[in-house]
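Asker: One structure follows; several queries about it will come next.
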Amino acid sequence: MGTQAPADHTYDRQSSVEEKLEKQKAIDEWLPITSSRNAKWWYSTFHNVTAMVGAGVLGLPYAMAELGWGPGVAVMVLSWIITLYTLWQMVEMHEMVPGKRFDRYHELGQYAFGEKLGLYIVVPQQLIVEVGVNIVYMVTGGQSLKKFHDTVCPSCKPLKTTYFIMIFSSVHFVLSHLPNFNSIAGVSLAAAVMSLSYSTIAWAASLNKGVQSDVQYGYAAKSTPGTVFNFFAALGDVAFAYAGHNVVLEIQATIPSTPEKPSKGPMWRGVIVAYIIVALCYFPVALIGYWVFGNSVADNILLSLEKPAWLIAMANMFVVIHVIGSYQIYAMPVFDMIETALVKKLHFKPTRTLRFVTRNIYVAFTMFVGITFPFFSGLLSFFGGFAFAPTTYFVSAPI
């Protein structure tokens, strides 16, 4: 009898460990990032295009005007090269520890900097990026819907942007309940196609309009401090345009992986195709837009292209469809963080009701901030410098 008790205790401990592992596995299969790992390599392509090519592409000619020809071209090209390199680093680091996958950006940060310090370094910046982008896209989606409405029906009674932001947000009260990245693949594909479409419209319509007779390529600011301020603001705008790294590990987490065929192969193939599409979107819009309009180009090039009205209306609707997809791509990691905290830390049961409530509250929050601060998109330069640049250009290097 005396020798039986330790064996019973050992069995109980093993049983308890197995129960915890089973419970952990069940939670991971419920959470949005780790619930589905059957993505194809082309999912990586359009998820990355949707995440990176945001409405910020339409502001690149304006950034070029604040940078000038030489610095502008250099910044655009260097940003493309540097961000591709740092993205490659992240793809490689996803499975750099044998038998482990860093499914989330903060998990990689915790491995590099320690459990607590890694969280403090990565999570605030990642949340600033993802929540900031979602708020900006609430405003951008509403504004683009308003431009579409005003262009199609110029004689209609004008409506406040607030109503259009509410209309735009109503889509997300539905789409936000799709459970994981793979379930929004169709939305992401449509968004990626739209981004290439409205970018093409922007540079093709500019080319058709031709170089303006009074075009000037000097700096628009009349003072040196103004020129310097605009220069740094433009750097932030470019950083915002190239921001997509915050969701790279989460996207790669959806791709199946084995020791023989690790996920980095299909992920990198998708990234290469995505970056070719990014180049086809960014460089023609930035260079042709600046060449045609000079320093008088609007901060959204579609505003400088007033005619033909039907084409501008179409481009604005393409922007709306694209930012619907982009919102979902950036919201999914936030949903994952919220649901992880509620289920693992606060021990809520992983139910549909919990997901329904938390996601609706998040969408309502981004809508409220977008309505309250419609100038929020004017903070892109600040966000670009404060959070987008660190998480996109150089955080992966020290990791």
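Note that Cβ sites are derived from N, Cα and C of the backbone, with glycine treated the same way.
Relevant sequence annotations retrieved from TrEMBL are reproduced here:
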| type | residues | note |
| --- | --- | --- |
| DOMAIN | 38-394 | domain 'Amino acid transporter transmembrane' |
| TRANSMEM | 41-60 | transmembrane segment |
| TRANSMEM | 67-88 | transmembrane segment |
| TRANSMEM | 117-140 | transmembrane segment |
| TRANSMEM | 161-178 | transmembrane segment |
| TRANSMEM | 184-205 | transmembrane segment |
| TRANSMEM | 271-293 | transmembrane segment |
| TRANSMEM | 309-330 | transmembrane segment |
| TRANSMEM | 361-389 | transmembrane segment |
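How buried are these features, and what lies next to them?
Answerer: Taking Cβ pairs closer than 8 Å, the transmembrane segment (41-60) reaches residues 76, 133, 137, 140, 144, 181-182, 185, 188-189, 191-192, 195-196, 198-199, 202, 237-238, 240-244, 246-248, 251-252, 254-255, 265-267, 269-271, 273-275, 277-278, 281-282, 285-286, 289, 299-302, 319, 322-323, 325-326, 329-330, 380 in its own chain, all 6 or more past its ends.
Long-range contacts of the transmembrane segment (67-88) within the same chain, counting only residues at least 6 positions beyond its ends with a Cβ under 8 Å from a Cβ of the stretch, are 60, 217, 219, 231, 234-235, 238-239, 241-242, 244-245, 248, 268, 271, 275, 278-279, 282-283, 286-287, 290, 392-394, 396-397.
Residues 42, 44-46, 48-49, 52-53, 57-58, 60-61, 63-65, 69, 72-73, 76, 80, 84, 87-88, 91, 192, 195-196, 199-200, 202-203, 206-207, 209-212, 215, 217, 241, 301, 304 of the same chain, all 6+ positions outside the transmembrane segment (271-293), place their C-beta atoms under 8 angstroms from a C-beta of that stretch.
A Cβ distance under 8 Å defines the sequence-distant neighbours of the transmembrane segment (309-330), meaning residues of its chain 6+ beyond its ends; these are 47, 50-51, 53-55, 58, 129-130, 133-134, 137-138, 140-141, 144-145, 147-148, 151-152, 168, 171-172, 175-176, 178, 181, 184, 187-188, 190-192, 194-195, 197-198, 201-202, 205, 246-247, 302.
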